[in-house]
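A.B. asks: This is the structure I want to talk about, given as structure tokens.
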Amino acid sequence: MDDNLSSISEELADTEGKINDIFRALSNGFQKLEKIKDTNRKSRQLEELTDKMRDCKRLIKEFDREVKDLEGVNDSNTNKMLSEKKQSMIKELNSYVALKKQHASNLGNKRIDLFDGPSENYGEDNVLLASNMTNQQLIDSGNRMMDETDEAIERSKKVVQETVNVGTETAAALKAQTEQMSRIVNELDSIHFSLKKASKLVKELGRQIATDKCIMALLFIIVIGVIAIIIVKLVNPNNKDIQDIPGLAPPVQTQSRRLLWNSS
């Protein structure tokens, strides 16, 4: 049969192989469980078998999805054969579920429902034994569980997409803030440079003003000295201790003026 599935789809053949491996492991595991006497060891073995049944359930769902993808390609006989194979897998898995329930009840442990999901209609009380279920019931039950799993996956995808969107928006906001901080740092550097340049100009202007003040003070002293000399010469023109200032000495009387004075 694996060869037939390989001719239809390599993925179907691979999935069926994995499911058959799990069924063999479950069969060997329950045989081993019968021989275990220690309660703790039996409980741990039962948990391991429950994990394998969960993996098997997941693989059967994958098998069903692959079959649905190929429905439009395969003929009716092939689709019927694949549907019967899926039903056979579900029957066998449910038989292990019932066996696990029996061992869990013997151990006095609360059963961990293999078919747990978002709906409460698939709890322990509603799990039917494979021997009491018709093929249509098995198909409907399996399809419902797979549909609910698909819905849960879609919800998870939406949550992941929303998380990605939030992360993208956060990254964009951080990038904008980083660019804004960079601009602020550049502006601060420019302001610091301007302040240094202004401080240097103030110092140079201060030195220039101090030099101008010294020159003005010296000119003021000179002007005061010249004014003092002029005043003294005007008040006491015959004072020989003070030299005449060029341009301010009294006019010298010439000989002709003396003769004219004497004749008069």
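Keep in mind that glycine also has a Cβ here, set from the backbone N, Cα and C atoms.
Where the annotation comes from TrEMBL, it is an automatic prediction and has not been curated.
Small disclaimer: the values here were computed from a predicted structure and weren't measured.
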A.B. asks: According to TrEMBL, coiled coil applies to one of these ranges: 46-73, 158-185, 214-241. Which one is it?
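C.D. replies: Checking TrEMBL against the ranges 46-73, 158-185, 214-241, the coiled coil one is 46-73.
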A.B. asks: By DSSP assignment, list the helix, strand and coil residue numbers for the domain 'T-SNARE coiled-coil homology' (143-205), in that order.
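C.D. replies: For the domain 'T-SNARE coiled-coil homology' (143-205), the helix, strand and coil counts are 63 helix, 0 strand, 0 coil.
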A.B. asks: Any residues 6+ beyond the ends of the coiled coil (46-73) with a Cβ under 8 Å from its own?
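C.D. replies: Cβ under 8 Å, 6 or more out: 8-9, 11-12, 15-16, 18-19, 22-23, 25-26, 29-30, 33, 79, 82-83, 86, 89-90, 93, 96-97, 100, 103-104, 107, 109, 112, 114-115, 142-143, 145-146, 149.
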